[in-house]
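In what follows, a single structure is set out as structure tokens and then discussed.
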Amino acid sequence: MPPPNCLLHVEDTFGPVVKGCGSNFDFTLLFEETILCILPLCVAICLAIFRVTRLWKKPVIFKGCFILPLKLIAWNLVLGSQASVVALFSIRDETRTRASIAAGSIGIVGSAILACLSFLEHQRAVRTSSILVLYLLSTIPMDAARARTLWRMLDGRDPAIAVMVLGATKVCALVTEMLWKCSLANRHELCDAPEESNGIIERALMLRMMPIFWAGYRTPLQTEHLSKLDTKLQNAELRPSEKGPKRKQAPIKLAKEIFFSHTYEFLAPIFPRLCYLSLTFAQPFLVRRAIDYISKPKTEGSGERGDGLIAAYALVYYGIAFVSSLYEQSAVRATTVVRADLSMRIYQQSLLLDRVVDTGDSSTTMMTADVERVQLGVRKLHDAWASFVSVAIGLWLIEAQLGLAALVTLGLIGGSLLLGGYWSGRASRFQKNWMAAIEKRLHKTVQVLKGIKSIKQMGAAPAIKTMLEDERQSEIKLSKKFRLQLIALVTLSFTSLTMLPALGLSVHNAVSDKSSGRILTAQTAFQVMTLFNIVSSSIQDCTSHVMAIMVGLGSLQRIESFLNQHTWTDPRKSIRDASISTDESSVGGTSEKKVLTDVAVKIQNVSAKWTEDGEAIIRDATFDVPAHGLTVVAGPTGSGKSTLLRVVLGDLAPSSGTVSVDDSQVAFCDQTPWIANISIKENIVGALPFYEERYRMALHACALDQDIEDLTDGDKHLCGLNGQSVSGGQKVRIALARAIYSKATLVLLDDCLVGLDTNTERHILGEIFAPRGLLSSAPTTTILATSSPRYLPFANYIILIDADGRIVRQGTYAEIAPHIEQLEHDVLQVSDHAATAREPRAQDSDELPNTAITNDIAFKKGANGDWAVYKWYFGVIGWMDFVVFLFLCLGFVIGVIFPQIYLGLWSEKSLQNQIDTLPSFYGIFFGVGSMAWVALFSACVWLFLRIAVRTAALFHHLILTTTLNARMDFFSQTDSGVTLNRFSQDLQITDMELPLAFVGATMNLLMLIAQCIVVTIQSHYAGFAILAIAVVIGFFHEFYLRTSRRLRVMDIEARSPVLSLLLESLDGLATVRAYGWAAWYLRRGIEVLERSQVPFHFLQSAQVTLNLSVDLFVATLALVVISIAVVQMNTSGGSLGLALFNIVGLGQSVKGVVFFWTSLEITLGAVARIRDFTEDTKSEHESDTKPPVEWPSRGEIHFSDVTLTHSTSLPPTISNLTLDIKPGSKMAICGRTGSGKSTLVNSLLGLVQVSSGIITIDDVDISTLAKDEVRSRFVVLPQESLILSVSIREYAKLFGISDEQEIIQGLKKTGLWQTIEQGGGLDMIASSDTFSHGERQLFAMTLACLKKGKLVLMDEPTSHVDNDIQTQLRQAVFDTFPDSTVLCVTHQVATIVDFDIVLVLDDGKIVEQGDPKELLHQPTSRFAQLYSAGEL
């Protein structure tokens, strides 16, 4: 028996294990002093010196705190203790090794340096020093081990006591270092972001999440409950932008830029991931040591070894929990910063897009789906390389146990990795195609949402629904190719789990049987099985993580291609440069240069077209716009007036010639006013400083002051998406007020006064263009494009354009006036008359107040996680399909678990019995493993190609149907970003995240149940531990879910403003650039993006916290099992090996269950959103009854005491109206804005609510009929023409017109065929750039005239065309529908005389009706008064 006390010659060897004294269970003193003392000291000193140099340059932020003296006292005690240890070793030869003095001396130096670091860290850093805390935490137990060794040496008690005192002083230093100085120093403002102030211990334990979990458990979590993020995570940085053509992109240029922009965040996870890898591979060695310990009889010293084994299990498993937490936090930080970086780049690029190259619609897809995939790739980046390293290490260790048999498994592993890489590449390519299909669908969805009112009016909702569902089916078809690669990768990744042990152990057994007779012991079997489990898990991670990275790279390449698109550059030159050029090019030295202040815009030989292959719209234009006055550009519909203004604006580069403007800011009012989803005041002031007097003058000039007084919230009234909560006239006047307030020296007005009533128009013209008007009296140059000659008398200069886009005449009004009559016939629109005396101050009756612009019906029930969501989801996928899927998953689990049980029994057999049962061994391992593989493949096919595909189509159908069936007030009350989120993010979640979470949760849950049963059978007391810990973890899981669900909701809600702002800025890109508001919009983008970062990061951090709790659960269970085995010593090696092996797998299964179950709960939030949306959104359809086939056969309309309102919360728009309209009559409806004209027509279309009364058409009460059926029977020309990105042929088919010759003849009648034929004929894609506003109305009129019907409804159908075309189209309607009833809402009362009857409305009541010709001869007639008021 070795002596109890160790002598110096034994301890003065490197060891590392002492031999020849005590129980031989100890390190040698030399090993402890070199490896456990000097090495940590050297590392700490190096890091401390580097950190000191960094802190030295930083300012002092903490002063006058009592903690600092405590820290300095503690470190001085450490320094003194180190000196006493050195002193004792110098006088005690019996305990001094070769390294004792060196260790003590380095300790003294190190303590002094660390004390300096502590001083600087306290004064100049918010966070507790990680270097000091880690050093103290790691060396305190090492000092304890060193003291234990010294205590057992002869004459070693005094040095042992000195080392123990050193350890005690280090404990004091550790306590002082961990004190939260923000609170004690009363500097809470420095610690608003816990991630910046928390030390490494708090971060490892995720303590910062506890207040959030507690708040989320007690009350529904709100934004104010979330703490602030640190600056690096929350700040979205702007990047220098390259304008114009981009150089050829490098394949991974964007990836490199992101890496070098966030190098620390990308590299920070490496060290904790390596630690995690090291601790993971300690598990098989622990399994072997435990089985060795149990298999051997007890001897003296067994107790110490058992205690050491328990300590080793605690160190490894709890270490795994903490380093995994630190690693995942680092990965989350990298993901968060990349998300912010990419989102900001996409938004910044969207503001720079050249409209000729791209409209920017793809940016919405990239901002959601693509960024999401890049995030996942970044999150899995370090797991991917670590998995490859893990496979290599695992194979090396397996080879050490199985010998050459391990080489056989190498082929399977290599093949799996090669196939995984190949299929990952294919998956990336298929995913890009899928993303393109999603982008195409979302582009059309955005167009539908913008034109929803026109779609409903024309009864096109069923056709639009079919079109979008066809797009969805095409998208799903492309997704199947990606899903097939995913199935292949998932199946391949689990091949190693089922076949590696079978192949490796079978070959080993075969070789052992024939050669050395070596048996497969329980120690070797379960050590190798643990290694196989780690390798199999790593192979799964390799394939899944590589696929995630490849898919992320594919999305990154899409983003990079988007970022490398040609950006907008101002093609205009400075007017000064143009003047110098003119001077230098003058002949004979005679200067033709004008005084710079005389010319504001100079156009020289300019031709312009919207596409490279298209025909020129403006041809060889040359003119000068005089400074400081009004220049009118006049011409017929489609002549290129708007195009010319876009050229002057710089939004469109001329194909030839030069454009020169004064170096000044430009104000721009588009033909369709762009109104942002902000308040009226913010729309007018924008990015400019606020000046009260200027603001009031702009409001008064545009007749907005009284309107604002009548609004409840005044000028703080939100305008809504595209100005939905203000009237059409108010949109025009807000845009005009914006131009006036800007004080720009160049103002461009693109026919923006169309649709205003006469008095309002006269007021505005007098306020801004009269001799003392705001624009006339200011040093401002105004260019107004119009088809009307009534603005010509106000002009200082006139430019006339013919139908071919050529300038036919230019000059002053005096020069043009003699030719006015001929020009009116050839070029201009004749004077028409507005319909009303003045525009009302209240909102247009056809628009709704924006009471809840960001309202979302999300998670009323689903946010609380009721089981009804699961029941509803299972009902959607089908209960039988779910049972089949569950059965297949169960087959897979049985196929994985049963061979392990058999191996535990087989390894306990004798050599001969093992040899005799080899055939059954091969059969069970290969047969059952193959069954598991087939079951897994079948389950994946069943889920991804059957269940997921069907639910993808169904969920889109539900969202689309609910949206199209929603009442009009829904679209005014709900932000477009919220609705678009349903078609993008919610469907993205249900398409991929939900199926993956579903299969992961099901597989891991079944596997966990099986492993718990195995562990309980092999270690009975562990069953109680499993039950107790499972209850605790269950409570925490529920505690966690309340918060995580709400965080998911907040994440989605915070993302909606980002999408809304993106859509808003893209819609008004020309206006934003004109006013120079791009920087302002970038700041707004930064604000909404930074707000969206907070819930996203905390959602990811909540998942890390949950993983930490699961790891701690597994560590506790492993500790319980090994403690029971050590104490009882009545378990066989095979049983303990099976139990410990399953604990390793159980840990992965528990983490998998919790992770995937939580992911399932969170992703089911999207299902809950869909369910709640479909159940809670009010449908406009109250009846499914179809009218008779021939209805309406006469077109007779009867209103009987009808009261109409847009919402029950609003007063009626029309009250107690009774009206009879005879079949075949042609009725014009006029009145001031807000009088109820459009409401009357929309009531026939079911777009407003009938509070009382009955509306009948041909004696049929229309409230009893299906609204889509009613609308489809009418011919409707809406005020806002619908434009979709489809071909002319497909567009016509949407309205039931398929005869191509009929379509061509109709287009020829309206004069559009020549334009369309040049653009590709019926295959030409319709877009906002294809047609001008007037041509859109002509196109809508063409389709209307091709449709048959007895009732024709027209709402301002010709407001953007010239008078000749108006007359032509009106006559075309009369000729096409001679026997049909025609109702036409119009402001242009001069055209009403051709109708049979005119109906005049005021305040929702009929004030007059009759023959318009007769009424004009009655001086007291209201209609005659309106007509006279419209004369100029």
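Cβ from N, Cα, C; glycine included.
The annotation transmembrane segment is assigned in Swiss-Prot to 30-50 (among others).
What Swiss-Prot records for 60-80 (among others) is transmembrane segment.
Remote same-chain residues near the transmembrane segment (100-120) are listed as 29, 33-34, 37-38, 41-42, 44-45, 48-49, 51-52, 55-56, 68, 71-72, 75-76, 78-79, 82-83, 85-86, 89-90, 129, 131-132, 135, 173, 177 (criterion: CB distance under 8 Å, separation of at least six residues from the stretch ends). Positions annotated as transmembrane segment by Swiss-Prot, on the basis of sequence analysis: 100-120 (among others).
According to Swiss-Prot, the feature transmembrane segment maps to 160-180 (among others), an assignment based on sequence analysis.
If you look up Swiss-Prot, you'll see 266-286 (among others) marked as transmembrane segment.
Look at Swiss-Prot and you will find 279-550 tagged as domain 'ABC transmembrane type-1 1', backed by sequence analysis.
The transmembrane segment annotation in Swiss-Prot covers 376-398 (among others) and is backed by sequence analysis.
Sequence annotations record features per position, and here Swiss-Prot assigns transmembrane segment to 487-507 (among others) based on sequence analysis. Away from its own ends, the transmembrane segment (487-507) comes close to residues 398, 402, 405-406, 408-409, 412-413, 416, 419-420, 423-424, 427, 520, 525, 528-529, 532-533, 535-537, 539-544, 547, 892, 895-896, 899, 903, 921-922, 925-926, 929-930, 932-933, 936-937, 940-941, 944-945, 999 of its chain (Cβ-Cβ under 8 Å, at least six residues beyond either end).
Taken from Swiss-Prot, the feature transmembrane segment covers 519-539 (among others).
If you look up Swiss-Prot, you'll see 601-829 marked as domain 'ABC transporter 1', on the strength of sequence analysis.
Annotation comment: Swiss-Prot describes Asn605 (among others) as N-linked glycosylation site, evidence class sequence analysis. DSSP gives Asn605 (N-linked glycosylation site) a strand state. Long-range neighbours of Asn605 (N-linked glycosylation site) (same chain, six or more residues apart, CB within less than 8 Å of its CB): Asp620, Ala621, Thr622, Ser656, Gly657, Thr658.
Residues or ranges marked as ATP binding site by Swiss-Prot on the basis of sequence analysis: 635-642, 1231-1238. Using a 10 Å radius centred on the Cβ of Gly635 (ATP binding site) and all shown protein chains, the other Cβ atoms total 27. Under DSSP, Gly635 (ATP binding site) is assigned to coil, being neither helix nor strand in the three-state scheme.
Annotation comment: Swiss-Prot describes Asn677 (among others) as N-linked glycosylation site. Around Asn677 (N-linked glycosylation site), taking its Cβ as the centre, 25 other Cβ atoms fall within 10 Å, counting all chains.
Here Swiss-Prot flags 877-897 (among others) as transmembrane segment, drawing on sequence analysis.
If you look up Swiss-Prot, you'll see 882-1161 marked as domain 'ABC transmembrane type-1 2'.
Annotated transmembrane segment per Swiss-Prot: 924-944 (among others), in sequence order.
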Positions whose Cβ lies under 8 angstroms from the transmembrane segment (266-286), at least six residues beyond its ends: 259, 309, 312-313, 316, 319-320, 323-324, 326-327, 330-331, 333-334, 381-383, 386, 389-390, 393-394, 397, 527-528, 530-531, 534, 1140, 1144
Model confidence over the domain 'ABC transporter 1' (601-829) (mean pLDDT, whole number): 82
Nearest-integer angstrom distance between the alpha carbons (Cα) of Thr637 (ATP binding site) and Asn677 (N-linked glycosylation site): 31
Reduced DSSP assignment, Ser1235 (ATP binding site): coil
Tertiary contacts of the transmembrane segment (30-50) (same chain, 6+ residues out, Cβ under 8 Å): 11-16, 97-100, 102-103, 106-107, 109-110, 113-114, 116-117, 131, 135, 138-139, 142, 145-146, 149
Under 8 Å by Cβ from Asn1216 (N-linked glycosylation site), counting only residues of that chain that are 6 or more apart: Asp1201, Val1202, Thr1203, Gly1253
Intrachain residues whose Cβ lies under 8 Å of the transmembrane segment (924-944), provided they are six or more past its termini: 483, 486-487, 490-491, 494-495, 497-499, 501-502, 505-506, 881, 884-885, 888-896, 898-899, 902, 995, 998-999, 1003
Between Ser639 (ATP binding site) and Asn677 (N-linked glycosylation site): CA-CA distance (Å): 32
Secondary-structure category, per DSSP, in which Asn1216 (N-linked glycosylation site) falls: strand
